[in-house]
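What TrEMBL records for this protein:
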type   : residues  : note
DOMAIN : B:53-109  : domain 'Nitrite/Sulfite reductase ferredoxin-like'
DOMAIN : B:119-273 : domain 'Nitrite/sulphite reductase 4Fe-4S'
DOMAIN : B:337-398 : domain 'Nitrite/Sulfite reductase ferredoxin-like'
DOMAIN : B:411-549 : domain 'Nitrite/sulphite reductase 4Fe-4S'
Amino acid sequence: MSNLILDHNIVEDTWQLVTPPTVEEAVVRKQAGKVVLFKLTGEASYSDEQITATEIPQTGKVLIPLTVWIARKQALSARLANGEIGIWLATHEVLETLVENQPDLNVFPLIAIHVERFADGRIFSIGNLLRTRYGFKNTLRAFGDVLRDQLFFLKRCGFNSYLIRADRSAEEALASLQDFSEPYQGAVDNNQPVWRRVHREHV
Amino acid sequence: MYKYDEIDQAIVNERVSQYRDQTRRYLAGELSDEEFRPLRLQNGLYIQRHAPMLRIAVPYGTLSSAQLRKLGEISKRYDRGYGHFSTRQNLQLNWPKLEDVPDILAELATVEMHAIQTSGNCIRNITTDQFAGVAPDEIIDPRAVAEIMRQWSTFHPEFALLPRKFKIAVSGTKQDRAIVQAHDIGLEFYYDEQNKMAIKVWVGGGLGRTPILGSVIREHLEWQHVLTYCEAIIRVYNLHGRRDNAYKARIKILVKALGIDEFREQVEAEWAHLKDNPNTITEAELSRVATYFTEMPYESLPAHDAGFDNAIASNPAFAAWVKRSVHAHKKSGYRAVTLSLKPHGKAPGDATSEQMIAVADLADAYSFGELRVSHEQNLILTDVKLSDVYALWETARANELATPNIGLLTDIICCPGGDFCSLANAKSIPIAEAIQMQFDNLDYLHDIGELELNISGCMNACGHHHVGHIGILGVDKDGSEWYQVTIGGKQGNDASIGAVIGPSFAAEEMPGVVQKLIDVYIAERTPEERFIDTVRRIGIPPFKAHVYGKAVEKADAHV
C-alpha cells in the first residue's frame, strides 16, 4: 500500500525518485571525533562523477536531485516542457541555487524536500520560502524521515504532500493533519494570525 | 493577568490529546526512544537520573492563586509533595511517572496551564521582570507584548525544530531585572522621541558553555513589528545555525561567526520580505491583550502606615525581613513582597505542596489572588497593602517562607544539579546547603550585604553562574566532582561575565572558599561598596591570593 499523502488522501506515487549512485568512499565529515549528523549549509551534495553517472529513466515522471538537474537541464528541457520533471533537494541546499537556474518554479509540477532526520527543522523554513518568497504553487512534498508528529507543522509551512517513512502508517498519520483547530500565528497555509481570523472577546 | 478564551483553551486541550496519543504510541513501542525524545522534550519532559522531570510553563513568571493551588495538588498527588521553581520562572516536578504525564497535563489545562515548549529546540517560555506592572522604575509594562509573543511562539510551525533551544526575555524598566543581554533575543522596551513604544533588540546572548553577552541588532524597532522581526532573526538562525555540534548550535555562535554586522544585514534582508505581513501586531490586538494587565483595583492609601512603622520599631526580626523582602511599589501605601524559597539548609527554589497552598492563600488574602515567580527562584506577592505586611509575615514565617535573605549571600540561585539532572557533572544543591549553613548567622549575613551567588551543576549553566557575583560551576575531572569558582559576574544593565579565579575545588572545600572570598571583601571594602563593586575596583588577584595562598604557585607550576 502507498505511503504517500497528497492533500488529505493517500494516493499512489506516480513519480520515480532518481538518486545518484553511491560512491564507495562516502564523505563522512567528522568533527572533534564525532560523526557529523547534519551537513553544514552550502556543502555540495554530490561529486561531478556521481552527477554524470546518475541514471534517469527514459520515460515517465521523474523526481531529480537539484544538482543533477542543473548539470543536465539542457538534455531534459523537452521532458520539462512535458511536465515530466520534478526536483528534489536536501535541507542543506540553498534555494537561491534553484531559483538562479529556474526563476519560474511553476514549470515543475512537483518539488520535494528530503529530510535526513526528522529533527532537522530547516525543512519548515524551506517550505515557507518556496511558497511565500518564490511563488511555488504546485505540489510540495516532504520525504525521507517524515513522521506524523511533524505533519501539522509541515502543512502549516506550505507542504501539501508527505511520503511517510516506510515503516509507519500513512493512514494513521492523516489524523495528525488535524492536531489543532485554530492555531495562533499566521503561517503559509493561512497567513492570518488568530486575532485577524476571529473576533476575540475579553473574558 | 491573562485569561484563556475558547481559543486558548482549545489549544491546550488539543495539546493534551496529542501528547496523550504520543505517550500511548511510545509505550506501545510505535515510537522509538529517539523519536519520542523531541516530542516529550517539547512538552518539558526529561528523562532524569532517577525519574522523569516535568517542567511546567509559568508564562513570564505570572501565576494566579488557583494555578498555584493546583500545582500544590499536582505535586502532592503525582510527585513527592514538592516542586522546584527554576531560573526560567517555571516549575519542575522531579518525580512524576511518564505514563501519568498526560493526566497531569489535563489537570493543568483546567487552570489554563501547560508544559508546551518548556524544553526542546524551540522557542521557550518568555521571561521578564518579576515586578512587571508594579515597579516604580518601570517605563513600559512588557506583559501584554510578552503574552502576544507567547501565543505567537506556541507551536510556531517554522520554528518547531531549531538547531538548539531559543530563549527570549522582555524588559521595560530602567534597571534591567530580566537579564536581556543573556538571551538569544532580548527585547528592551522604551518610549522613543515621538513618545511611541519602541524596542531595542539584543541578539546572541547566552550563558551555557560559551557565555556571551548579546549585541544590539536594532536600536529602534516599532513595537508592532516585533513578531516579524523575530521571525526574520529566527529564520536566518534556523537555516544557517550549526546543526553538526550541539555545543556550537546556539544563535550566539552564528552571530559570533558572522559578526553582528553581517548577521544584521542578513536579518534585515529577510525582514524586508516579512515586514508589514499579517503577523504585524495591530493596535486593537495590543489593547485587547493589554486589558488583561490593567492596574489592580488599588485603594487610595497614605504613604505610611502607623502599624507597620510600629512593628518595624519594636520587632527586629520583622525589621530585618522587611529590609530584604519588601520592595518599593509604584502605588502609595503598597509594597511587593518576596517570599524566600531559600531557607538555610534546603534546596534553593524548592517549595512543598503545603507551602504552595499557603502562598496561594496569602495571595488571595493580601495580593489580589496573583503572584510571580522570579528568576532568582523566589515567589513574589506584588500588591500588598502596608497595613497587611505584618500579618503576611507572620503566616509566611510559620510556613518557612520568611528567611530574611533576599538579595544576600544565602539567596543562592541553584540548578537541581547531579542529585536529579542527568546532564549535571556535579551536585549543586548540597553545595548550596553547605554554604547556607556556613553563613547561617543573620547579623553577619546582613553585614556582608547584597551578594548574588549562583551555582550550576554543569556547563549548561541553568544556575546562571556566569553572572553571579560569585559563580560556582560543577565540573567533572576523571569521574569525580570538582567546583570551579568565578567572581565578578553581574546581571543587569552593566552585566558582566565572571572570571575564573583558578583551579577548582573539592565539594567540602567550598564553604571555606566562599568564606575566604568574603574575608577579602570585608577587609578591602569601602563603606558603600557591595561585594561586586569591590571585585570590580580591586580585581581578581587579592581574592585569588587569599583563597589559594601558596597553593596557586604549586598549581601553576604544573601547567
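Glycine residues also receive a Cβ, built from the backbone N, Cα and C atoms like all the rest.
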Cβ pairs under 8 Å with the domain 'Nitrite/Sulfite reductase ferredoxin-like' (B:337-398): which stretch of B:53-109, B:119-273, B:411-549 has the most?
B:53-109
Pull the DSSP breakdown for the domain 'Nitrite/Sulfite reductase ferredoxin-like' (B:53-109) and write it out as helix, strand, coil residue counts.
28 helix, 14 strand, 15 coil
Taking helix as H, G and I and strand as E and B in DSSP, count the residues of the domain 'Nitrite/Sulfite reductase ferredoxin-like' (B:337-398) in helix, strand and coil.
27 helix, 17 strand, 18 coil
Tally of residues which DSSP labels helix, strand or coil - the domain 'Nitrite/sulphite reductase 4Fe-4S' (B:411-549):
57 helix, 27 strand, 55 coil
